[in-house]
């Protein structure tokens, strides 16, 4: 078999969110559309997801959640991580509280450690990789605590959400372009922190420009071709190697973040406060159908793109 040009990890995020999402992720995995999953251990259907992962031998990591729903740690009552109702502050609320200087990093650390331990209880082994729900793991101050937790537990892979060519994706609405630009800035500033703690990541990250209705064969082609063009010249790749020349003779490694599934029903799913609009959208089904489309799978084969998982690294 010829050497692949790209070793692509296609990660289905938010495993555990609800049973319909879980089933959609499993169906996508069994059809060859994804090769890896990321578990929300504080989600209401996390146990259901864990049982499915073991049944179907799904490579699985931890999608650490500090922004949605209820905490795992039982010692966070009155915590700066939580609002007056006892829930996390939300995607933007978490960032606002962090930037105001009100978050205690000791509480962030306690919750991250509790989630790793819950993952082990559910799955029976440590996560093959660990990232952050809504990209919280690359935020200032959080990144240092996150990296230390991974180092302490021996978790060696994470996600660095910097997507080649993203700045040219003018089809994205302005609010998403603004959010994505900040995510990339935070991610770039996390590189040295992760590197210093012995944490690795794929050479290329994809997924910010291909979410929901923006996922289609032409858009996946564009994103993957941008990753190939980026190749070994990427500063993220060179950061991870003391011998950059050797990278010329190995495949590019990449992660594609995806969110397939069957849409959540009202009042079903979530992380303790019900499902959000994102989970109830038909965009989930659109991603599922696109990822398992024979045209997409054939494109991978034609381009020398081999689907794999973090554990294969």
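These residue numbers are counts, starting from 1, taken along the chain as shown.
A Cβ is built for glycine as well, from the same backbone N, Cα and C atoms used for every other residue.
For reference, Swiss-Prot has these:
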| type | residues | note |
| --- | --- | --- |
| ACT_SITE | 13 | active site, proton acceptor |
| BINDING | 14, 133 | Mg(2+) binding site |
| REGION | 262-281 | region 'Disordered' |
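Annotated features, which come from Swiss-Prot, shown on the structure.
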residue	record	CB count, 10 Å
13	active site, proton acceptor	25
14	Mg(2+) binding site	28
133	Mg(2+) binding site	24
Worksheet item: Can you check what DSSP calls residue 133 (Mg(2+) binding site), collapsed to helix, strand or coil?
Response: helix
Item to complete: Quick one: pull the CA-CA distance for residue 13 (active site, proton acceptor) versus residue 133 (Mg(2+) binding site), whole Å only.
Response: 8
Worksheet item: Which state, by DSSP, holds residue 14 (Mg(2+) binding site): helix, strand or coil?
Response: strand
